[in-house]
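**Q** Before anything else, here's the structure in question.
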Amino acid sequence: MNAVFFAALCLIWGSTWMAIKINLGSFPPFFSAGLRFLLAGFVLLAAMKFAKVSFPGEWRKLSPSFVFGLLNGISYGLIYWGEQYIPSGLTAVLNASLPFFSIIFAAMFIGERITLRKVFGSIIGFAGVLLLFYESLSELGSGKIMGEIAIVVAAAVYALAGVHVKKRSSVEPLAAVTVQMLTAAAVLLLVALPVEYGAAVHFTWRGLAAFMYLSLFGSAVAFYLYNHLILRMEVTALSYTSLITPAIATLLGVLIMEEELNGFMIIGMILIFTGTAIINIKGAHRSRDKLPDLSADSEPYRQSEELRQS
């Protein structure tokens with residue numbers, strides 16, 4: 001089931017880059033991102049009521065979710081702002097730095113070992129992303145340096161958020177992601193109010209469709225899957241979604257938009273999926289580098305089930 005959730009997460013996030021670009025044609029960046037997470041939060045509140053899931057009695061247990069929401073709001077604000085100035089392909093390349101930040105932060109804060117397998121797999125995957133979007137590399141440093149810096153900083157902030165919630169979260173995923181979405185919405189809308197007050201809004205049905213997709217699938221569903229997986233995977237392995245999603249985006253463009261697929265792109269995708277295989281290899285001698293216990297007797301599983309039944 002974890003493999004299915006991981007694949008679904010990659011598929012959803014692989015389709016969001018184009019949707020963000022479309023959405024930015026209708027709404028200013030911080031307002032757009034804030035509204036996206038606000039709607040997702042309301043949808044998740046309804047899902048909690050339907051599933052009979054409640055928030056924990058002690059609000060301090062939700063503090064990791066508040067922190068994740070704060071950092072997530074900052075990260076997505078930077079992505080939306082930066083993508084105004086640089087192509088989505090270059091955005092994908094710069095965002096692919098996420099696994100490297102995750103390797104460093106996970107080692108610093110939660111004791112995940114930096115192994116040759118992780119580093120090599122990430123380098124192979126990153127090389128694949130570079131090949132996939134090699135034409136976009138000509139845009140690097142072309143007078144849009146602040147947009148480029150914003151995307152790299154966003155990746156670093158998001159990596160830090162993942163490490164924090166991995167270390168401290170013991171809340172049922174549906175409750176956790178609801179708090180995360182509403183907190184991110186509050187952060188972004190508080191920024192949007194003074195910064196984008198009076199900014200033009202160009203309503204289009206295409207922009208509205210992109211917004212609804214980003215809210216319902218790119219946020220509510222995707223971050224629920226993320227919160228489910230973060231308890232069951234290493235942070236570094238989960239961060240590899242940032243390398244897989246560009247390949248998914250390219251495949252969707254070829255299949256749906258009939259975009260051209262060249263040799264560089266094919267080699268790039270092969271490298272990305274090879275890197276994925278490398279980073280997820282479970283060798284015979286992995287006692288010091290094993291993933292957390294995911295059985296019904298494991299601590300994260302027990303905590304989640306106790307909260308669900310309380």
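Using N, Cα and C of the backbone, Cβ positions are placed for all residues, glycine too.
Among the features that TrEMBL reports, compositional bias 'Basic and acidic residues' is placed at 299-310. Here TrEMBL flags 4-133, 146-280 as domain 'EamA'. What TrEMBL records for 291-310 is region 'Disordered'. The feature transmembrane segment is assigned by TrEMBL to 28-50, 62-82, 88-110, 119-137, 143-161, 173-193, 205-226, 238-257, 263-281.
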**Q** Note the mean pLDDT of the domain 'EamA' (146-280), expressed as a whole number.
**A** 89
**Q** Should the transmembrane segment (205-226) and the transmembrane segment (62-82) be scored as in contact, given a threshold of at least 3 Cβ pairs under 8 Å and pairs 6 or more apart?
**A** no
**Q** Other than its close neighbours in sequence, what residues sit by the transmembrane segment (238-257), given a CB gap under 8 Å and a spacing of at least six beyond its ends?
**A** 6, 9-11, 13-18, 88-89, 92-93, 95-96, 98-99, 101-102, 121-122, 125-126, 128-129, 132-133, 155, 159, 162, 226, 229-230, 265, 268-269, 272-273, 275-276, 279
**Q** Under the DSSP assignment, what numbers of helix, strand and coil residues are found in the domain 'EamA' (4-133)?
**A** 104 helix, 0 strand, 26 coil
